[in-house]
């Protein structure tokens, strides 16, 4: 008997993702450190020692390693750009007809393959450049954005009422906060006690369990239409995907089109900043003046993951007295404050305290997705989230690539510049939300926008 709870799959995937990201960042950093010079990599939790060596050769060596690590991350992200965009769009858009499980399974297979390859690389000490090839192949199956987009569409399929949907999403954010927080907190101990090989092996095992759950236990609310599958060729199916995405923006009133474009722009730009700055935090903490070890990196990652929990509480509390758009404003402005403070942080204590303004970072992502889901028909949810996931994949890859390039160019003269740039970029989604407000977004008006649409978008 199959069940309809997507939460276990999301939490297992979140564990694997939260553990893999800091593992890979530190693995790449250490490999480049070892290949760049003759200095022995030592884990130091004392930032003052890092400060005292600013005039020595080790300080220049650290900066060189930071530059090389940033540029290598740029190459890795660029290798996943094209295959990630194509696979994400096709898998999620086709999920309206073929079910939500297909993109979940394929993206999990891609993650499993990448983690298995990282395990082999760390065990056999294979050339680091092979990571670029494995990332390219893994992106052909989708990525984390593909998985999350399919999961969100799955929840929308099940929860037809908006209030039930937002409660379930908020509870899921709470659970994600607990899982990612504990995983981030323990990631440093995984590296210290088990090493990279066993850490990647554990991640691969978790992904295998997740695949088994999705394949054998998870029910799919979208039933496949066998007649459509038989009569449509691959080319026709691809044309249908583009057609339904085109109709997503064409159908409805001009107000609905404007709201849809503005909300997507707001979500994508905010996502661009949040995803782009995430790996920079790790590089910034590894280098001077902080020089954190793997345990401190884990603490920082755990504090960053607390935003899932605090965002859940924020949505739950603010929803009683504020509208969705105002909740999104709070998340954007508090994140902007956090970015500005991070630019001037030079001590370990301050770096931990800087995480406080980031407590509502996830709120805009959850709220904006919910606002978007209210603007379109239930039959367009797959096309909508395929479009969002496509743009998020594009934004995610370009942001990490751009941020890595900018950080490598500015780390020598001012490492905190990238945080000030992020704070400035967050002005754009704030302005976009002002435009949404001026157009006339009101709570409850989204229902009218949906009913305004004709039913031309459905496939014959």
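Keep in mind that glycine also has a Cβ here, set from the backbone N, Cα and C atoms.
Within the listed segments 112-132, 217-237, 280-300, Swiss-Prot records transmembrane segment for the stretch 112-132. As annotated in Swiss-Prot, N-linked glycosylation site applies, among 38, 251, to 38.
Topological domains recorded in Swiss-Prot put residue 195 on the other membrane side from residue 371.
Per-residue pLDDT, averaged over the topological domain 'Extracellular' (192-195), rounds to 92. Simply put, out of 112-132, 258-278, 302-322, 325-345, 112-132 has the most Cβ pairs sitting under 8 Å from the transmembrane segment (196-216).
Of all Cβ atoms in the protein chains displayed, 6 besides its own lie within 10 Å of the Cβ of residue 38 (N-linked glycosylation site).
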